Amino acid sequence: MSFSRSEAAPAAPLPDLAATLAAPRDDAFQQLGAAFVTRLPAAPLPAPYVVGFSDDAARMLGLEPALRDAPGFAELFCGNPTRDWPQASLPYASVYSGHQFGVWAGQLGDGRALTIGELAHDGRRYELQLKGAGRTPYSRMGDGRAVLRSSIREFLCSEAMHHLGIPTTRALAVIGSDQPVVREEIETSAVVTRVAQSFVRFGHFEHFFANDRPEQLRALADHVIERFYPACRDADDPYLALLAEATRRTAELVAQWQAVGFCHGVMNTDNMSILGLTIDYGPFGFIDAFDAKHVCNHSDTQGRYAYRMQPRIAHWNCFCLAQALLPLIGLHRDAPSEDARAERAVEDAHAVLGRFPEQFGPALERAMRAKLGLALEREGDAALANQLLEIMDASHADFTLTFRHLARVSKHDARGDAPVRDLFIDRDAFDRWANLYRARLSEEARDDASRAAAMNRVNPKYVLRNHLAETAIRRAKEKDFSEVERLAAVLRRPFDEQLEHDAYAALPPDWASTLEVSCSS
């Protein structure tokens, strides 16, 4: 398989795209006003070059993949031309606040991200945002830059999560530069173009609530409802309905994270999408040797965002969103007094938040049932899945390979057990569980082959393990971007065998255990 690009690729209409982005802005979020955004050009990035590009994300935007080869592509998607755009067309950074590691952090905002415009395709509108585009009024002590290392990780994981079927922001491109930036060591700059229908976060609502700006809070909620939750308009209480939908999406999202062993790493409220998307890929990680207490973020010394904590933290974050929406809940109903409205709003919000476990639990159970190849629903299925996770935890069995190899287990006998059994230190514990599993499989009408095929459609063979990303990053630092492309291509087909790429599905090498990721990016 070749990952080189044809020199005969047709020229893409880059001037048309640049003109579209530079045209006077009509995207809805920036029209909310100066209380929400600050316009400014991107900081110049010297001698930019393309590190990675997603053909799939380009097609989603209605762009031709050949666009990446057009002269000026790297310049456009690091933001350099924005210095010449008219004031009405300038990119913008948005302001928000939030709780970080459970503590109110006050005003935050897009400290290094600029939204450069919207593109519409197939009835949807997408915002394009440049992460690493320079300082903004919300940069605090930061330099506004992103580094090559973290940009490649975000690019790869955004696309990997999409192809796993998990709601996520997307990534169109990574643009690099030799410009040095200081982190824990000297690194080089990069800009990742991320794409989403909206980058509105829980923290946007928290900001206007905390600053006692009810008009802006309502305008923001109305924008989100009108654009993304139109069904909420017809509810008895549109703002309560918004909270309910955002909470449901969040619960279902985290269930999907748990089902693939994904750890976000920094589940601050300013990193929570109002649309229920995975957003802000920083010190994330897919679990290798399973540990329910696994913490992927080296900076998270208290383990607040450990794998097992993610559902609880997501629920807590929804409480923060609910608090921010309280001034709006009940405004459409008659109430004898403001105190009565506020009291009823608290009751209604608590009722919505109380449904989170009822939404998360069944969503995770459905996912785990599918991962075990169980088409029928039985009362003991959740216990069977939990027992598997417990023995995986005790043996530190590889998360991804355990579920992938389970497809080889036969309902009739133990002859197919070896590949998954060998992942366990305590093989007697696995044998005991496997006997329970086989007994449960005997209740299913599907034969082994049909069940295995169904399991392989939900249990990925390939995930973005840290050592795979690290290998691509090390080569990219030497100006060899072929591994970024190769790895991205493999991750676009996570459920396929791709036998020529078996090495990407192997157990991590010993050196992978020394890798640490943190908030430094």
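Each residue's number is its place along the chain shown, starting with 1.
In case you wondered, yes, glycine gets a Cβ from its N, Cα and C as well.
Note that the structure is a prediction, hence the values are computed from the model and not measured.
Per Swiss-Prot, the features are as follows:
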ACT_SITE  ASP270  active site, proton acceptor
BINDING   GLY109, GLY111, ARG112, LYS131, ASP143, GLY144, ARG194, ARG201, ASP280  ATP binding site
BINDING   ASN271, ASP280  Mg(2+) binding site
ASN271 (Mg(2+) binding site) and ARG112 (ATP binding site), distance between Cα atoms, whole Å: 14
Protein Cβ atoms within 10 Å of ASN271 (Mg(2+) binding site), excluding its own: 22
DSSP three-state assignment for the residue listed as 'active site, proton acceptor': helix
Recorded positions: ASP143, ASP270, ASP280 - member with fewest neighbouring CB atoms within 10 Å: ASP143
Distance in Å spanning the most remote Cα pair of GLY109, GLY111, ARG112, LYS131, ASP143, GLY144, ARG194, ARG201, ASP280, given for ATP: 22
Alpha-carbon distance [ASP270 (active site, proton acceptor); ASP143 (ATP binding site)] in Å: 19
Rounded Cα separation (Å) that holds between ASN271 (Mg(2+) binding site) and GLY109 (ATP binding site): 11
Most crowded position, judged by CB atoms within 10 A, among ARG112, ARG194 as binding-site residues: ARG194
Cα distance (Å, whole number) from GLY109 (ATP binding site) to ASP270 (active site, proton acceptor): 8
Under 8 Å by Cβ from GLY109 (ATP binding site), same chain, sequence gap 6 or more: ALA93, SER94, VAL95, TYR96, THR136, PRO137, TYR138
